[in-house]
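Below is one structure, written out as structure tokens; comments come after it.
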Amino acid sequence: MMKHLLSMTDLSHEEIIELLDMAADLKEKRLRGKVTDLLKNKSIGMIFEKSSTRTRVSFEVAMSDLGGHALYLNTRDMQLGRGETVADTAAVLSRYLYCLVARVYSHDTVKELAEHASIPVINALSDLEHPCQILADLLTIREYKNRLKGLKYAWIGDGNNVCNSAILGCTLVGMEIMVACPHGYEPDEDIVEQARKMGGKVTVTHDPAEAAKDADILYTDVWISMGDEDEREKRLRDLAPYQINAELVNLAMQDVIVMHCLPAHRGEEISADVMDGPHSVVFDQAENRLHAQKSLLLRVLC
Ligand code: CP
Ligand code: NVA
């Protein structure tokens, strides 16, 4: 079976825990300066339709740390950007590479790549999901809380792609998730239903205080995702009551951790004092992208 990662649901509970354990081990090894070249002579391609700092750099460094090579492929420079089909691109790249990482606008594009590639495809963010982010986040949560099961995760803000993967990720590891968002910004209905069918404790509310109350984790993301730029003014208005700030932090557990996948906009989805305050673990999250993706690459390539 081809090991694609298009959605969090491509992983089982056991597989997530195995990936986190391996990521923790790789992190510790890197800190001790121990190198491993398990991916020697292997190249992956990274197709980007959208901007990226963390995803691009962490995948590139992950491959180089593991002895392999990552090619950055911006669609503006590819024949894909001039009308070559996704199917043909997937077929051709499969002849050179061992894995494709793709950041795309439409989730259908990663699905189409996976359908036509004979190598694993990893979703590096689509309009529907961002599973690589959630793997790193689960690693971060486990580092701070020493467990996952039974924790309360509060998502505050736009019910977007990262939120969708968080709903599935929390469900898969036995965490409760409460999403607080304005009307019209709810997470994907099918994903919420899918999570509930899997036994997930998922609540969608319009009250940020209800979600933040006794939360172990407070999480937010940008209000204007890539592709939403035309709605900027409306989004800033609608989402204004959903900022993570000291008031919300005070409603959460005393040892709450505040998370953000980054990039952040201080003064919009998160206040500067909270973003840079003692509860914030955002840079650990960013670092953990590297370790979690190394573990993922070893899983799909070895
Ligand atoms: N969090 C995240 O995916 O960041 P980038 O957009 O910088 O890759
Ligand atoms: N929701 C954001 C995440 C960026 C990492 C976006 O899609 O732009």
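The first residue you see is number 1, and the count goes up from there.
Backbone N, Cα and C atoms are what each Cβ position is placed from, and that goes for glycine too.
Annotation comment: TrEMBL describes 3-143 as domain 'Aspartate/ornithine carbamoyltransferase carbamoyl-P binding'.
Here TrEMBL flags SER52, THR53, ARG54, THR55, GLN79, ARG103, HIS130, PRO131, CYS132, GLN133, CYS261, LEU262, ARG289 as carbamoyl phosphate binding site. Counting every protein chain shown, the number of other Cβ atoms lying within 10 Å of the Cβ of SER52 (carbamoyl phosphate binding site) is 17.
What TrEMBL lists as domain 'Aspartate/ornithine carbamoyltransferase Asp/Orn-binding' is 149-298.
If you take the C-beta of MET226 (L-ornithine binding site) and look for same-chain residues 6 or more apart in sequence within under 8 angstroms, you find LYS50, SER51, TYR105. Among the features that TrEMBL reports, L-ornithine binding site is placed at ASN161, ASP221, SER225, MET226.
Close contacts with ligand 1, defined as a Cβ under 6 Å from any of its atoms, occur at SER52, ARG54, CYS261 among the binding-site residues SER52, ARG54, MET226, CYS261. In three-state terms derived from DSSP, CYS132 (carbamoyl phosphate binding site) belongs to a helical segment. Using a 10 Å Cα-Cα cut-off around ASP221 (L-ornithine binding site), the binding-site residues SER52, ARG54, GLN79, HIS130, CYS132, ARG289 reduce to an empty set. Looking at ARG54, HIS130, ARG289, the binding-site residues in this record, the fewest other C-beta atoms within 10 angstroms of the C-beta turn up around ARG54. Reported as a whole number, the C-alpha separation between CYS132 (carbamoyl phosphate binding site) and SER225 (L-ornithine binding site) equals 17 Å.
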